[in-house]
Amino acid sequence: MDKLLIKGGRSLAGTVDISGAKNAALPELCAALLTADTVTLENVPRLQDVATMLKLIRNMGVEAERGTHAPGTVTLHAGALSSPEAPYELVKTMRASVLALGPLLARFGEATVSLPGGCAIGSRPVDQHIKGLQAMGAEIVVEHGYMIAKLPAGQKRLKGVSITTDMVTVTGTENFLMAASLAEGETILENAAQEPEIGDLADMLIKMGAKIEGHGTRRIRIQGVERLHGCTHQVVADRIETGTFLCAVAAAGGDVVLRHGRADHLDAVIDKLREAGATITAGEGFIRIQAQGRMKAQSFRTTEYPGFPTDMQAQFMALNAIAQGSSTVTETIFENRFMHVNEMVRLGAKIQIEGKAAVMEGVEKLSGATVMATDLRASASLVIAGLVAEGETLVDRIYHLDRGYDQMEAKLRGIGADIERVRA
């Protein structure tokens, strides 16, 4: 099992190229199921979750090829499927497999999708997906660990309806967007998620011929069409990777330009970093961060977009750990999302968990130790902590990191970090 060995204490300087967003690429790979034409995706990140999704749709019969000279380009052709099924063996490590449910139902009238795995950060139920697709006319049963869905006899398409979810659900909104694009009539999504990745998926679907209005707001209208065609689409830049590098520079100090970063997708995080003492400037296709000395600790509360993202909570906590002053971090989205805390404490952080909140007292220095990653964003937070800790930090179980970060250690090395992958 690979590990990362980090020698802390170096400031960071240079340029980092931000990759395409994992949370946009995964639904967009599934969107290729909606057409028999060729779909070309550009700026697709090289991640374990993306590799798993490609394996999944290939298993269904989709032709999917990465460009040899342009590895960020993936060409997809779902002319016919051999099997509209997402088996447990392929999806047990990745929750995003549920995104195949809507497209398969909409185009082929049937789908068998394993209940998803992939995250250790609390229950993320798929009941909202099932309720919404049932409202559109699908018959769905859950048995033996699978969601088995089909259209009723004699019904050729899903039906447009109004769907109001009990809570804001990102993957639910994406599933309904894709399913409704080929449904009969109009679908209205109330309480829709507003994340930039959803807007990017909607932009791709519109290029394919979908009729969608209101994406980026809480109310999305989709007028179903009989067929969608192919398109070429560039995956939006990863705002969480961007935020992770911003926190790393704020913690370690330095002057770094993030190419392709979108400041307008990270307002809540950038506001907190500026309050902490970092100087951040942004323009078309770049963000620059300059940080010197200890930052000031910042309290925050995670909420749905455009609020502070839960996917940035752990990374900002790594910054707070060595910042001046005390802070309170409140997690409102997921349970079990403080699993990185025990590992940070091993490095010398002062953190107390009080229900849904973590109360932190910044320390002047952390000291290197062996720590274990527990989930994707927790692993990133431990890397940031390792960059500022005295001595050597060894981060174990970094397969979590590989699920969501494209060559993170190489990018950090490129801006001056002393970090290397240790092959087991």
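Each Cβ is built from the backbone N, Cα and C atoms, and glycine gets one as well.
Model, not experiment: these values are computed from the prediction.
The following features are taken from Swiss-Prot:
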- Lys22, Asn23: phosphoenolpyruvate binding site (BINDING)
- Arg95, Arg124, Pro125, Val126, Asp127, Gln128, Asp311, Ile333: UDP-N-acetyl-alpha-D-glucosamine binding site (BINDING)
- Cys119: 2-(S-cysteinyl)pyruvic acid O-phosphothioketal (MOD_RES)
- Cys119: active site, proton donor (ACT_SITE)
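Distribution of Swiss-Prot features across the structure.
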residue	record	Cβ within 10 Å
Lys22	phosphoenolpyruvate binding site	26
Asn23	phosphoenolpyruvate binding site	25
Arg95	UDP-N-acetyl-alpha-D-glucosamine binding site	19
Pro125	UDP-N-acetyl-alpha-D-glucosamine binding site	12
Val126	UDP-N-acetyl-alpha-D-glucosamine binding site	19
Asp127	UDP-N-acetyl-alpha-D-glucosamine binding site	12
Gln128	UDP-N-acetyl-alpha-D-glucosamine binding site	21
Asp311	UDP-N-acetyl-alpha-D-glucosamine binding site	22
Ile333	UDP-N-acetyl-alpha-D-glucosamine binding site	21
Can you tell me the three-state DSSP label for Val126 (UDP-N-acetyl-alpha-D-glucosamine binding site)?
coil
In whole Å, how far is Lys22 (phosphoenolpyruvate binding site) from Val126 (UDP-N-acetyl-alpha-D-glucosamine binding site) when you measure between their Cα atoms?
20
For Asp311 (UDP-N-acetyl-alpha-D-glucosamine binding site): DSSP state (helix, strand, coil):
helix
Of the binding-site residues Arg95, Asp127, Gln128, Ile333, which one sits closest to Lys22 (phosphoenolpyruvate binding site) when you measure Cα to Cα?
Arg95
Going by DSSP, is Ile333 (UDP-N-acetyl-alpha-D-glucosamine binding site) sitting in a helix, a strand, or coil?
coil
Rounded to the nearest Å - Cα separation of Asp311 (UDP-N-acetyl-alpha-D-glucosamine binding site) and Asn23 (phosphoenolpyruvate binding site):
11
Could you measure between Asp127 (UDP-N-acetyl-alpha-D-glucosamine binding site) and Asn23 (phosphoenolpyruvate binding site) for me? Cα positions, answer in whole angstrom.
20
Using DSSP and three states only, what is Arg95 (UDP-N-acetyl-alpha-D-glucosamine binding site)?
helix
In whole Å, how far is Asn23 (phosphoenolpyruvate binding site) from Ile333 (UDP-N-acetyl-alpha-D-glucosamine binding site) when you measure between their Cα atoms?
17
